[in-house]
Each structure stands twice: as structure tokens, then as C-alpha cells.
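Reviewing the structure listed below.
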Ligand code: HEM
């Protein structure tokens with residue numbers, strides 16, 4: 001999609017550190033791993049400038065979705081698109097989403113990995129026994 005590319009036809013990737021520096025007069029927002037420069041939109045936002053400034057320089061996906069923005073609002077995003085959040089940081093935010101479930105300290109991933117390992121070992125053992133019987 002042409003609108004999701006820079007003028008030279010390449011998608012630009014931004015780090016969280018870089019995005020964090022754009023939270024004052026030039027405001028950037030992350031929504032669904034995409035980066036938007038909403039500086040010129042601040043005063044036009046029907047929901048007010050303040051809520052956008054509060055989220056500037058950070059990931060606003062959750063608050064954007066919580067409001068239940070219309071299709072029109074979603075289509076407006078295209079005008080402000082400047083690039084994508086770097087892949088590594090998408091994975092990091094996904095990882096912290098998984099590992100901070102519940103009270104934020106415990107995590108189902110801590111027992112999931114040993115559980116998967118146990119199942120794999122069980123299956124290997126069965127194959128080993130079957131092969132011994134048939135030979
Ligand atoms: C660049 C991103 C955004 C765009 C293009 C946008 C656009 C809009 C538009 C067009 C509306 C009018 C209602 C609608 O059509 O849904 C609206 C309302 C609103 N937006 Fe946003 N918005 C953005 C980001 C945000 C964020 C991050 C927040 C929350 C922190 C937010 C909070 C609100 C609120 C509270 C309303 C008023 C809802 C109401 O009065 O019913 N918006 N926005």
C-alpha cells in the first residue's frame with residue numbers, strides 16, 4: 001500500500017527510544033505497531049487534544065480501542081502514518097503482555113515450557129519403546 005511507505009518506497013522502522021522523544025509539540029503515537037505523527041491533528045481531535053498529548057510518545061493502542069473509534073476515525077490514521085515499530089520491540093511488548101498476566105509477577109510461561117518438554121520426552125519414549133518391540 002503506497003500510503004504505508006515513505007516517499008522513496010521504503011517502510012521506515014522506529015525504535016521505542018526514538019518514539020519516546022516525540023511527546024511534546026511534535027507528537028507521535030503507536031497504534032497497532034504502526035507509527036503516526038499526529039502533531040497537526042492534536043487540535044482537530046474530536047475527543048480533545050489533552051488525551052492525545054497524554055499518550056504521545058507511547059503505545060496508544062489500548063486507549064484507542066477502548067474508546068471504540070469509528071471506521072472514519074481508523075481511516076483518518078492513514079494521513080498521519082510515518083512508519084512501523086521495530087520488529088524486536090513488537091516481540092518484547094508481546095512477551096511482557098504474556099509474562100505480566102495476573103498480578104504481574106507470576107506467569108503461565110514459567111510452567112508451560114517444562115510441561116511441553118515433558119510431553120515431548122513422553123512421545124519420544126513411546127516411539128523408542130515401539131521401535132524396540134518391532135525390531
Ligand atoms: C491519531 C489517532 C486518533 C484519531 C485519528 C482519532 C479520531 C477520533 C475521531 C474521528 C473521533 C470522533 C468519534 C469517532 O469517529 O469515533 C474521536 C473521538 C474520541 N477520541 Fe480519538 N482519535 C485518535 C486517538 C485517540 C486516543 C489515543 C484516545 C484516547 C486516549 C482518543 C480518545 C477519544 C475520545 C475520548 C473521543 C470522544 C468519544 C466520544 O465523545 O464519544 N482518541 N477520535
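Any Cβ shown, glycine's included, is placed from N, Cα and C.
Where the annotation comes from TrEMBL, it is an automatic prediction and has not been curated.
These features come from TrEMBL:
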| type | residues | note |
| --- | --- | --- |
| DOMAIN | 11-86 | domain 'Cytochrome b5 heme-binding' |
| TRANSMEM | 108-128 | transmembrane segment |
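Helix, strand and coil counts from DSSP across the domain 'Cytochrome b5 heme-binding' (11-86) read 35 helix, 19 strand, 22 coil. The average pLDDT computed over the domain 'Cytochrome b5 heme-binding' (11-86) stands at 95.
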